[in-house]
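First the structure, in the form of structure tokens, and then the observations on it.
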Amino acid sequence: MDLIQSYTADDDDHHISDHSSPDSSPPRLIIPKSSAPKVDDTMLSLTVADAITNKTLTKPLDPTQHVVDFNPTYDQLWAPIQGPSHPYAKDGLAQGMRNHKLGFVENASIEPFVFDEQYNTFYKYGYAADPSASAGFNYVGDLDNLQRNDAVSVYNIPQSEQKRRKIEKKREALERNEDGGEDEVEVDKEEVENPATDTWLSKNRKSPWAGKKEGLQEELSEEQKKYAEEYAKKKGEERDGKEKGEVVTDKSTFHGKEEKDYQGRSWIAPPKDAKAANDHCYIPKRLVHTWSGHTKGVSAIRFFPKYGHLILSAGMDCKVKIWDVCNSGKCMRTYMGHSKAVRDISFCNDGTKFLTAGYDKNIKYWDTETGQVISTFSTGKIPYVVKLNPDDDKQNILLAGMSDKKIVQWDVNTGQITQEYDQHLGAVNTITFVDNNRRFVTSSDDKSLRVWEFGIPVVIKYISEPHMHSMPAISLHPNGNWLAAQSLDNQILIYSTRERFQLNKKKRFAGHIVAGYACQVNFSPDGRFVMSGDGEGKCWFWDWKSCKVFRTLKCHNGVCIGAEWHPLEQSKVATCGWDGLIKYWNFNHWRQKQLKKGKP
């Protein structure tokens, strides 16, 4: 019992006092207990964390830190901050600091006139007003020069004073030169080295900036005068040639026996036994005759209108020849009037006159019988195609497609240009009259077709598609309803001559190779066949209805550039090529008689 009481007393003493006896037992750990109910403080901690996070997100980023441990917002990235640059801006400026598309621009504290004045004053005198000074009376630069000039600016000096100073400087310079240059040492070194000063100019008379150039020759020697006259004459001739075309003496040679027969008829008169019409055509297949008189390639051939008893040829040897087809088969006359290759030829309606277009930039109008040049036309550009208006009452109107993208219309009687059709974007290659000669179609190197009303320089129809190629040759069908265009993608396209000028997609003639050559396309007089030369020397014949290849003839060595069907004979075709030959082809007469009798 005594032991229990003593233990209790010791326990009470422990609570009351911190001192304990060394002999007593070790102290007990007493854990306090709370009688309050347990509370979940998770939400409280989350609320505090959100507050800290929001505070962090609204705070601008420090541009010096390299790691961001949260996802910043757009506003936070582009928030304006103090400092020269922003690490997240492309040009170093935050969006909030911008007032211009190139960055931040401060308001100018100096007027443009004042800035120009101080800028020019500094470069002339070496001093200028200090822009940072509040009152504007402080200066920067050469202060000694400032005192010497009494702080004047370039705009403050009156004009009379400037003139007076220049006169004084010139007088001083002349005095120094008269003294023998002893005082030249006193001249300011800066003025001597500055090209803008009069002192520098006076010492550098031979410079490009000098007011006068010394040592110019006053008179030319005799040799120099002669050379100058020859040079000016040569330039004048070149200029005249470019403007009008080369001048060549026109001459013609008759090769026949006599120009008129015993009855007084001209050699160009048609034979009396000519057929009235060509009713049915056949494809030729054998060579009848060859004309060889041109020394270079033949570029075009044309039969005499309506009768075809003569054939006209244009050569690259600068000559035009006319050949007899019906009788002797010889060359009847040679026309020489061009200095370069002849590009195109065209008869008038009755054949008594014809046109030639050459690369010498001249268009000549010839008399077929006498070989005289009636008139010459030129614009200084190369004519690629020439044609007279097919109407009998408009045979005095000449149209020419030129290399400068124009179609020029002349009056043959007066020699004046009456109209210009200027809409093409390339050289004009063909002119084809349609719709009873009220309209005409032109093709060009710009890969388009344009339809014009005759006499009105406005395009009424423009045909241009991405798939189209240039069309250097076009022919009209005998019924007048279709156009056959030689396309440089090795095919012949058919266009309607009605109001809409649409492409006939069902008719397409192909198989030949004409890419790069202006091979002529043509029809048989009855309209049953289409024919064309090609780049391999062949002449191709297609059936108009089926569009199938009917026959091919190997005609020339080289390019077969032209092919013409005889206007009256049923089965005769003439071809020309760059081998300088003109060939005449015919159908087998025995076979023709058999077909007429109905035998297979």
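Heads up, the Cβ atoms here are built off N, Cα and C, so glycines get one too.
TrEMBL entries are annotated by machine, without manual review.
Which of 1-30, 241-270 counts as region 'Disordered' depends on TrEMBL, and there it is 1-30. For the repeat 'WD' (335-376), the mean pLDDT of the prediction comes to 92. Helix, strand and coil counts from DSSP across the repeat 'WD' (421-453) read 0 helix, 19 strand, 14 coil. Distant neighbours of the repeat 'WD' (291-325): 256, 268, 270-271, 274, 331-336, 338-351, 354, 356, 358, 366, 368, 520, 558-559, 561-562, 564, 566-569, 574-584; these residues of the same chain sit at least 6 beyond its ends, with a Cβ under 8 Å from one of its Cβ atoms. According to DSSP, the secondary structure content of the compositional bias 'Basic and acidic residues' (169-179) in residues is 10 helix, 0 strand, 1 coil.
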